[in-house]
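Dropping the structure in here first, questions after.
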Amino acid sequence: MGKVLDGKTFANLLGQNLKEKVKKLKDEGITPHFCVINIGDDPASKIYVRTKKRRAEKMGIIQDIYQMSADTKQEEAIALIDKLNADPAINGLMVQLPAPKQIDTDALIERIDPNKDADGLTPANIGHLWMDKHFVEPATAEGIIALLKHYEIPLEGKNVVIIGRSNIVGKPLAALMLEQNATVTIAHSRTKNLGEITKKADVLVSATGQAFLVKADMVKDGAVVVDVGMNHVDGKLVGDVDFDNVKEKASYITPVPGGVGPLTVQFLMEAVVKLTRRQNDR
């Protein structure tokens, strides 16, 4: 039976350290200031934004939420980003995804000043990520690497399979896994014989948003299984992995909730503080 990788407890441990860093900044008259732009009425997005705000407050970070209507025009969102980019009091900035169909989210992300890019998703920061010269990284990917290191799970020379090729999780996680000298395979919706590929994984990460996609017969004995999925089934939050059955085969496994999710929020806060320190030559 696999050991559960407790992301929530680890996130709280990191939070204690981050609060101390924020306190030291405040003692010098510097308070990290973070802005989230949320466009539209997506219920899940509103929950995520509130979760970030609660975490920011706990860390001592100021977080402003800019809630824009579902009929917001592209130029209105661009104008807000330009305003926040130009404001020296703002240290970190992100656009909550998804956005309404009329919004070109790639263009919004490209508009963010890379020095204020808390999500690490601007082309400049993604480029630095692939060149191993990164300063901030997409939070979920960074959180996964940190969690595996926390539990002293080796990655060098391991076969890592990532299901999902998003710019937010799959691709940046592949870059960070390569940096750890893992051998990386990315699978996706067009991948054939998925189970044959996943059974070769020493570390299997699923980030698809498909409930119970990963079954026990797709996992080799002793594999490390990381579940990034967040899906609602019958009123319950579940992951991409059939947890109860896969747990019997895995050596380590993350739960949903309480696994990767808390670390995503925590590492977003870590990024805001890193950006704040750099902007103030700390």
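In case you wondered, yes, glycine gets a Cβ from its N, Cα and C as well.
According to Swiss-Prot, the protein carries these features:
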BINDING   Gly164, Arg165, Ser166, Ser189  NADP(+) binding site
Among the binding-site residues Ser166, Ser189, which residue has the fewest other Cβ atoms within 10 Å of its own Cβ?
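Sparsest of the binding-site residues Ser166, Ser189 by Cβ contacts within 10 Å: Ser189.
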Give me the long-range Cβ neighbours of Gly164 (NADP(+) binding site): same chain, 6+ apart, Cβ under 8 Å, in sequence order.
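When sequence neighbours closer than 6 are ignored, Gly164 (NADP(+) binding site) has Gly170, Ile186, Ala187, His188, Val205, Ser206, Ala207, Thr208, Val228 within Cβ distance under 8 Å.
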Which are the residues of the chain, Gly164, Arg165, Ser166, Ser189 excluded, whose CB is within 8 A of where the CB atoms of the NADP(+) site average out, their centroid?
Ile163, Val169, Gly170, Ile186, His188, Ala207, Thr208
I'd like the number of other C-beta atoms within 10 A of the C-beta of Arg165 (NADP(+) binding site), please.
17
Would you identify the secondary structure of Ser189 (NADP(+) binding site) according to DSSP, in three states?
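Note: Ser189 (NADP(+) binding site) is coil by DSSP, not helix or strand.
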